[in-house]
Amino acid sequence: MVSQRRINITGWLFILVPVLAISLFYFYPMIQALILSFKSGRGMNLDFVGFDNYIRLFQDSNFITAVKNTFIYLIIQVPVMLVLAIFIAVLLNDDNLKFKGFFRTAIFLPTVTSLVAYSVVFKYMFGGDGIVNKMLMNFHLISEPIQWISDPFWAKVTIIIAITWRFTGYNMIFYLSSLQNIDKSVYEAARIDGANAFTQFFKITIPLLKPMILFTTITSTIGTLQLFDEVVNITKGGPGNSTMSISQYIYNLSFEYTPDFGYAATVSYSIVVMVIILTLIQNKIGGDKK
Amino acid sequence: MSKPKKFFTYAFLILATLISIFPFLWMITSSTNMSVDVTKGRLLPGSHLFDNVRNLFNSVDMWQALWNSAKISIVTTILSLLVASAAGYGFEIYRSRAKDIVFNILLASMMIPFAAIMVPLYQMFAKVSSVIPFFGIDTASAVILPTFTTAFLIFFFRQSSKMFPKDLLEAGRMDGLTEIGLFFKIYMPTMKSTYAAAAIITFLSSWNNYLWPLIVLQSPENMTVPLLISNLGSGYAPDYGMIMSAIVITTLPTALVFFVMQKHFVAGMTGSVK
């Protein structure tokens, strides 16, 4: 028999590389970013400025616009997408449904595209003389082209449509796997008790999906707070700054404008704070019956 | 199902399918049409696919970008699988209180938004550049290093390892295998489907990664495919046919991987959160 001590040491060896890598490439930069957020200056020449960056943050209209935009995406897009995903998953979970595999594959397909590739496709589809306007006009739904990309309101709508197209199928798969784990006899019993489809959905399906709803809400929230590829490739953040996301603003502060890594790090910490607060809220609402 | 409900279900699913598939269809037909026809709203396939592809390969170094992306994605996938599976195995098989604490700390890294660490990461690699250029800014290694270890994949392997028959390990020990030997000779072959799923997830995310390569890769010859596509799309008078053919070429490998391994892919995505 191999000695317990040796086995124990081997156990640590197996996890050594990721412990080192995650410490070096995730936790260490987190600490660096915190230190950096108290510094300011151009490029690599940075001086300590105390809380100046944090004071600047609250007076920075670009930052406030980016936060507003990001929250508009968050508040509108995430609920719409998740409701849609649950709805489709419930429809697809019906045993009597034909072509189930086909529908599932088709609706999941957007997930395999690269964010950049689909963003560029959407940019052209929603252009002034793009195919979407042409189709809407052919069906006489609109009388003149909508300025999807160049109008501040419609540009946000375009981004929201794009993200919903890309990620609904992804979330749908998680719900579908949860639904398939629910014992059918639960519904059987409810039907005998006279519960209609509505009651079954709200009294059985939704409560049983709760952990998955929590999981997808958190991952979608974190994803939306980091939104970058779509805004950069569909609208470049414009018109004006009307679609700019927080991540894009951090990128601009570091690599587009005169680099101020210190202030960029301060802005990036605002995302960390938002992730923590929103996750805590969601856990409180979603995880109370654990 | 009652009749109206049945009608509604199929109508809704068909609509959702059309919306999901339409951008693909449009992208594919556009890649076969001339730019003018695309702007005219032509939806039927044309005969200009080869012209578009030729234009693409003549105007940008598509081969180089494909090679760069392939190199980065393949190396990332191999390293990820090796490291994450060893860790998932290590955490599940050699359990201890201390390891559980370490595991939870690693999991916390999933909550760290990339936007929050990209500036210090960039500075870190800028510093490395002057000491070991191979790992510094503008190298494939700089793209790979921060992305090859993810807590998600470790979590995924650990979850899957819960179903791994542990008696096999005892039998292996009796036969005189070392602890490392057990992992390579017994665990790895048994967990083939888990590896397949993990490989697809990692390959897709590496192939499609945009923000970090955008920051760290600076010279045109090091560009990956997403960077190239993004540049093509930012031109003033875009050649739609050519750009769409570029997008078809880059989406093809991932779509193909997805269709061939669909079962593993879906199982991999859902199995990890059960």
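Every residue gets a Cβ built from N, Cα and C, even glycine.
Copied over from TrEMBL, here are the features:
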| type | residues | note |
| --- | --- | --- |
| DOMAIN | A:67-282 | domain 'ABC transmembrane type-1' |
| TRANSMEM | A:12-38 | transmembrane segment |
| TRANSMEM | A:71-93 | transmembrane segment |
| TRANSMEM | A:105-126 | transmembrane segment |
| TRANSMEM | A:153-176 | transmembrane segment |
| TRANSMEM | A:208-228 | transmembrane segment |
| TRANSMEM | A:261-281 | transmembrane segment |
Same-chain residues at least 6 beyond the ends of the transmembrane segment (A:105-126) with CB under 8 Å of its CB atoms are 88, 132-133, 148-149, 158, 161-162, 165-170, 172-173, 229-230, 232-235
Okay, the transmembrane segment (A:153-176) and the transmembrane segment (A:12-38): do they have at least three CB pairs under 8 Å, pairs separated by 6 or more?
-> no
Are there residues at least 6 beyond the ends of the transmembrane segment (A:71-93) whose Cβ is under 8 Å from a Cβ of it, and what are they?
-> 100, 103-104, 107, 156, 159-160, 163-164, 167-169, 171-172, 174-176, 179-180, 201, 205, 209, 213, 216-217, 220-221, 224-225, 227, 245
